[in-house]
Amino acid sequence: MTSSVTISVVLLISFITPLYSYLSIAFPENTKLDWKPVTKNTRYCPMGGEWFLEPGLQEESFLSSTPIGATPSKSDGFLCHAAKWVTTCDFRWYGPKYITHSIHNIKPTRSDCDTALASYKSGTLVSLGFPPESCGYASVTDSEFLVIMITPHHVGVDDYRGHWVDPLFVGGECDQSYCDTIHNSSVWIPADQTKKNICGQSFTPLTVTVAYDKTKEIAAGGIVFKSKYHSHMEGARTCRLSYCGRNGIKFPNGEWVSLDVKTRIQEKHLLPLFKECPAGTEVRSTLQSDGAQVLTSEIQRILDYSLCQNTWDKVERKEPLSPLDLSYLASKSPGKGLAYTVINGTLSFAHTRYVRMWIDGPVLKEPKGKRESPSGISSDIWTQWFKYGDMEIGPNGLLKTAGGYKFPWHLIGMGIVDNELHELSEANPLDHPQLPHAQSIADDSEEIFFGDTGVSKNPVELVTGWFTSWKESLAAGVVLILVVVLIYGVLRCFPVLCTTCRKPKWKKGVERSDSFEMRIFKPNNMRARV
């Protein structure tokens, strides 16, 4: 069934292709991107798709310029984590030892992070783990190691102000070389410590088209601006602002383009038509802005925004996503934005810059397109693919199938639907321990304990634990019996030893005359009596 539908779709496309020989799309400028898992609570929706100006409007173009930033769309850096790893020995007076391990989060110092970062770059940074226990009798002793860990972490860049932007930063942005995060035990350090002058950034040439009603008097409220980076910018919400010594205007989305004071429309100077921007106005980028902040009141953009939010609702409910759902999350106009894909069942995103490209149709035999203009040279627009069921998937739902390379959003726009566009796949956000709550500080007061890893707590069990095998127990029994017999023998022999030690005594009433020596002195009659 699927193959027959695919064949019919390809046949249908073959008839439609001549009518759409130059299909204009907004697509990532690089053929490969650096993908990261989408974390929970992410609901970024880009600015709506490009508007088509009314046929009755007169269009004129003028050469302008826009800052592209002194840094790329993302900046390399490192997260520095600090914790105290503690081994506690509770040595009781009656014998047992209680050994516990715990981890305590602490705020790293600048010197600790610099030292650890130098070791990390040289490949000598190691985690010592828990220290060995140090036990003192009848006391509680702590042994601790200060463990500093370094992990690479890329952040976005606000091209205009030179600020780093990331959900981990407090408030979502940072302009220092040592940035606090929502986790008190972690700080972010940029890989390049050099401070850049904002006005030292490059300004790229840009052709801006201005549309107006030629039947009415030219005023700011009746002007619409358009460029390859700006889809539909209303003059009514545009103001005049000097930036780095250049005259220019700031669009409603916060982006700035130069506008020469000599530029005219129907012999009327364009720059004075706009009012001055309020004092303290900053030039901003909308890359990290929330979808609700860039949503305008025009009905053409409400649909895109609703479809995008509906897709995030599916992600939140952990429902499977189709390639068409992914296309709703992507930017529809040139400029900085985010691209989405599915990698091993995980919804992933990447920072990118969308550029205008022209393709032969919504279904291609090869992933090739023309840049700069419809008359340009065709080149590969994408080379990075991931497994997606029986097919492969690229950015924003772009499918690599047996029937060709399909762009779901553009196929639906032409009323072409097939089963492959609705192929479902698990695409859940990653449960990362660092959830992006940029407006609050994460609670790092919790301490991690690994429980009692010491010896027995019972003195009786402690004694019986001395004998770990039956041989030792038998030997102990024999020794005990011998000791008892020895003690009994000593007690029995003690009276005998005491008797032999006594001295002889003379009997009372025995005269010494009975001795042999005295008999010779006795008379005979006395001897006879004796």
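Even glycines carry a Cβ here, placed using N, Cα and C.
Among C89, C113, C174, C179, the cysteine that Swiss-Prot records as disulfide-bonded to C135 is C89. Annotated range for region 'Trimerization' in Swiss-Prot, selecting from 323-345, 346-368, 392-414, 438-460: 392-414. Disulfide connectivity taken from Swiss-Prot links C244 to one of C199, C277, C308, namely C199.
Out of C179, C239, the record in Swiss-Prot bonds C277 through a disulfide to C239. Taking the Cβ of M149 (site 'Interaction with host Vim') as centre and 10 Å as the limit, one finds 17 other Cβ atoms among all the protein chains shown. This prediction places the mean pLDDT of the region 'Trimerization' (392-414) at 83.
V155 (site 'Interaction with host Vim') carries a strand DSSP state (E or B). The two recorded residues M149 (site 'Interaction with host Vim') and V155 (site 'Interaction with host Vim') have their Cα atoms spaced 18 Å from each other.
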